[in-house]
Amino acid sequence: MGDILFSSPQSMFSHTMNKNSILHTHSIIGKTFFSEIGIGISGNSFLLLVHILKFIRGHRPRLTDLPIGLLSLIHLLMLLVAAFIATDIFISRRGWDDIICKFLVYLYRVLRGFSLCTTSMLSILQAIILSPRSSCLAKFKHISPHHISGAILFLSVLYMLIGSQLLVSIIATPNLTMNDFIYVTQSCSILPLSYLMQSIYSTLLAIREFFLISLMVLSNWYMVALLSMHRKQTQHLHGTNLSPKKSPEQSATQTILMLISFFLLMTIYDTIVSCSRTMFLNDPTSYSIELFIMHIYATVSPFVFMSTEKHIVNFLRSLGKRVINFNLH
């Protein structure tokens, strides 16, 4: 108290400037985050609508149509929940109670788990599509959507069970006076776990992430090997001077490969940051930046998937030409 009473005007001015700078930075991050969420919601809504129309019109579904359509729905719901949670981070405290905190945060984590499991399944299915007829994976090319849905549901249930400790550890904290709490929003925090419980949870979390990431890494490696082998065979048949024309499946595979590789980096980053926040950090600004980075995949993915759909690209081009012609007239 004495330090505050007898502090110099310069130090008080410096403290005020630092506080204003932090608030300004927080405001910029918030505006950027909500812009990201808006773009992601628009993209996923459009992609979901496209897949619904394809289903209604009776188009023959491809092996990857179900997981891509499901991903758009998952990401749409996840971004909506994230936007609602973010209002308690960037705008104002809503005074949520324990039930609301547990419901929102756990629902958000469940949707993120669905995203991880569905992306893992998508990488496996894309590897199956690319596999040659002589491959042992070729027999799975005619797998039914029911089996795909069952596999995604099984992985998601395992993911939910391991993360169910959040239902106990998430609480409403109207007044953050203890440093032991881990910041989630202005109204919600995570209770610190004992060393034993933290060790058990971290081990289960590591096993879960390692299993799903391993599936994606193996399928990605398999697809890269197949693409490389096909390129060498084509160059051998047609000569090195001619650039071989890519099939639609190969172009789609390369695009999905880049997207899944990016998702892998984001997942590894999220795991590292989550563990470090649990053990060392509790900074709302760092947490806000982490939130922005974590949602890049959900925001970018629908546009990447749409770029592989020739009929969507043609539709958007024709729509753009109509808008330009309308403005000219």
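Here the Cβ of each residue, glycine as well, is placed from N, Cα and C on the backbone.
Per Swiss-Prot, the feature disulfide bond maps to Cys101-Cys188; the stated evidence is sequence analysis. As annotated by Swiss-Prot, N-linked glycosylation site applies to Asn175. Residues annotated as topological domain 'Extracellular' in Swiss-Prot, with sequence analysis given as evidence: 1-32, 87-109, 172-209, 276-285. Residues or ranges marked as topological domain 'Cytoplasmic' in Swiss-Prot (evidence: sequence analysis): 54-65, 131-150, 231-254, 307-329. Per Swiss-Prot, the feature transmembrane segment maps to 33-53, 66-86, 110-130, 151-171, 210-230, 255-275, 286-306.
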Any contact between the transmembrane segment (66-86) and the transmembrane segment (286-306), i.e. 3 or more CB pairs below 8 Å with pairs at least 6 residues apart?
-> yes
Spell out yes or no: are there three or more C-beta pairs under 8 angstroms between the transmembrane segment (33-53) and the transmembrane segment (210-230), with each pair 6 or more apart in sequence?
-> no
When you measure from the Cβ of Cys188 (disulfide bond), which residues in the chain that are at least 6 apart have a Cβ under 8 Å away?
-> Asp88, Trp96, Cys101, Leu104, Val105, Ile170, Ile171, Ala172, Thr173
Counting every protein chain present, what is the number of Cβ atoms, excluding its own, within 10 Å of the Cβ of Cys101 (disulfide bond)?
-> 23
Confidence summary for the topological domain 'Extracellular' (276-285), mean pLDDT rounded = 58
Other same-chain positions with a Cβ less than 8 Å from the transmembrane segment (110-130) and lying at least 6 residues past its termini are 62-64, 67-68, 70-71, 74-75, 77-78, 81, 137-138, 140-141, 143, 148, 151-152, 155-156, 159-160, 163, 212, 215-216, 219-220, 222-223, 226-227, 249-250, 252-253, 256-257, 260, 263, 267, 297-298
